[in-house]
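*Asks:* According to TrEMBL, the feature transmembrane segment maps to B:15-36, B:42-61, B:68-90, B:131-154, B:161-179, B:210-230, B:258-278, B:298-321, B:333-353. Taken from TrEMBL, the feature region 'Disordered' covers B:376-410.
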Amino acid sequence: MSKSNTILYLDGVSVSFDGFRAINNLSLVLDKGEMRAIIGPNGAGKTTMMDIVTGKTRPDEGEVFFDGQVDLTKHDEAEIAMMGIGRKFQKPTVFESHTIEENLMLALKGPRSIFPALFHRRSAAEARQIDDILGIIRLGDKRDQLAANLSHGQKQWLEIGMLLAQDPKLLLVDEPVAGMTDAETEETARLLKEIARDHSVIVVEHDMHFVRELGVKVTCLHEGSVLSEGTLDFVSADERVVEVYLGR
Amino acid sequence: MITGRFFAAGADRRIAITILILLAVAIIVPLLNLAVSPTSAFYVPSYIVALTGKYLCYALLALALDLVWGYCGILSLGHGAFFALGGYAMGMYLMRQIGARGVYGNPILPDFMVFLNYKELPWFWTGFDHFWFAAIMVLAVPGLLAFVFGWFAFRSRVTGVYLSIITQAMTYALLLAFFRNDMGFGGNNGLTDFKDILGFNVQADATRSALFAASALMLALAVFVTWAIVGSKYGKLLMAVRDAESRTRFLGWRAENVKLFAFTVSAVMAGIAGALYVPQVGIINPGEFEPSNSIEVVIWAAVGGRGTIVGPIIGALLVNAGKSWFTGVLPEFWLFALGGLFVAVTLLLPKGIVGMWDSWRGNAKALRAASLAEEAGTDPVVPPQQKIVRSAATKPGDWSSSSPEPQPAE
Ligand SMILES: Nc1ncnc2c1ncn2[C@@H]1O[C@H](COP(=O)(O)OP(=O)(O)O)[C@@H](O)[C@H]1O
Ligand SMILES: [Mg+2]
């Protein structure tokens, strides 16, 4: 396999926690501009895979490359974020004691050192960007409210908004519709498809309706490696996938 | 929204009032001490000037701690060490000012060095005969220690109780070191018998008043600086690191640098507090490194209100006034009272006095708004359906389930 023209390239990646192999010889390739849905039962290693890509967890072995040439295992979280990989956590994680607007301001692309932050004044361009994102995530009328007061679904959207503010090349989105109503789920699928028009995206999700809505290539993980890969119809017809989902 | 902005404005007004009070106190108290006849009812006795001057230094120390604890979640149990180091730097200057007036009459060596048979001044005492040099050291020594300590601790991601324990170990190690006679800082007697500061007699009423005023002004400045830091984008980041450190990392921020800056600034503030404290109490000894001192500072901040600017100041003033009173009346019970106070505050007033005041005011305001609205015959402020998380909201931009209106995404 060639790494050129890939945005993310994982080959033979393994990681163990106290002898337990959470990721086992995992290989996964994402092309530039592609959106991929990753499914798999609880404990399949989906979140751990994101931890590896974002520098939170070091793999025991294997290659992890970003943009065809950057070895991600040699960088830490902040560096990887600055290269252009953004991440939404499984449990929505926003800054609860800040307002929606402040959350976005902290995420907005720009210098990340202390002194510029100390003397930072919001520019008109930044204000416009924040307004745009607030429109996209539909929290415009709540901009001055504390993030703590948002509902679970709204926090998910705020976190996606923070990802947009960061303007990464690759977005890793972990279970974005957990705890959402059907209508919200649809909205989220629409939003992600919109984002995928000019970003590479990996979405982890259990919700099959949502995955169908996305209409992209699907990878099913199981026990830390790829079980099946292809269209949703192909994957859900795969006997091994059915077995994994229906019980052991 | 509006209440949010109102409270923000309220908080700024509170800062302005605090600064004005401190500036007024810096002028009025010295005047009432120096220019008013001792027989007048308005006379402020000198011992009160010295005592409150000391409290102001404690308040500055508590504010310094709150910058890291309240705003960044770093529970330092070693801030007394930065305070003491600033105090020692000032003490060394004051020792050099004694000159030949010591018991042994040695023009260069302080008395304790003559007593311990030092032949010459240790190298690290050079320069301390100049005030400007000592003043730089007051800032640099605590700042540098905090920087080096923080560099290692935050880089290796030591957090929570482990960090608290190593800060406590730091101050304890310094306590043991400063107790030693061969360290060259006067051993367990510390530095004392000061005569002059900048050529003025430290015991004179006018000097005491000036030191009091300097403490009040410095506290006012620290309030302003802390307010500016906390209100900046960096300040938002500081609180973000407190609430969700890993989130900040995945946004590309270096959480360790965020902490390191606040920790260093805080240590410098603590050092200044110590430097102002020493000439007012007339002594600095290794007891200031006592781990329990640092823990007391945490109690002051907790009592007044952690994560606020005014809270730690109020806490430090009240607890220390209580301590002075208590140790006069029932000295053996002070520690129990302090411990009991901490438990009571933790259980009953988790946000301290200022936090309780704010929530009480918030409730009162909401009630008043509600009753006003009722008088006007309209609905009370909070429409009940807003509490239900996903109601069929129809306002544009609302979190809407029933009518998702498509919006242009870019
Ligand atoms: N830091 C960790 N320490 C120990 N075990 C872990 C750690 N992270 C993940 N695991 C384990 O790895 C397995 C995969 O977890 P995860 O990636 O969260 O699964 P998924 O997101 O697919 O539900 C789980 O069994 C989990 O308990
Ligand atoms: Mg997961």
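Yeah, the Cβs are placed from backbone N, Cα and C, and that goes for glycine too.
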*Asks:* Which listed range (B:161-179, B:210-230, B:258-278, B:333-353) shows the maximal number of Cβ pairs under 8 Å with respect to the transmembrane segment (B:298-321)?
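*Replies:* Looking at each of B:161-179, B:210-230, B:258-278, B:333-353 in turn, the most contacts to the transmembrane segment (B:298-321) are made by B:333-353.
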*Asks:* Which sequence-distant residues neighbour the transmembrane segment (B:131-154)? Criterion: at least 6 residues beyond either end, Cβ under 8 Å.
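*Replies:* Beyond its ends, the transmembrane segment (B:131-154) has Cβ neighbours at 81-83, 85-86, 88-90, 92-93, 163, 166-167, 170, 198, 255-257, 259-260, 263-264, 266-268, 270-272, 274-275.
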*Asks:* What else in the chain is close to the transmembrane segment (B:258-278), if you only count residues 6 or more beyond its ends and a Cβ gap under 8 Å?
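*Replies:* Cβ under 8 Å, 6 or more out: 53-54, 56-58, 60-61, 63-65, 67-68, 71-72, 74, 76, 79, 82-91, 94, 134-135, 138-139, 141-143, 145-147, 149-151, 154, 191, 211, 214-215, 218, 222, 225, 229, 234, 237-238, 241, 248, 284, 288.
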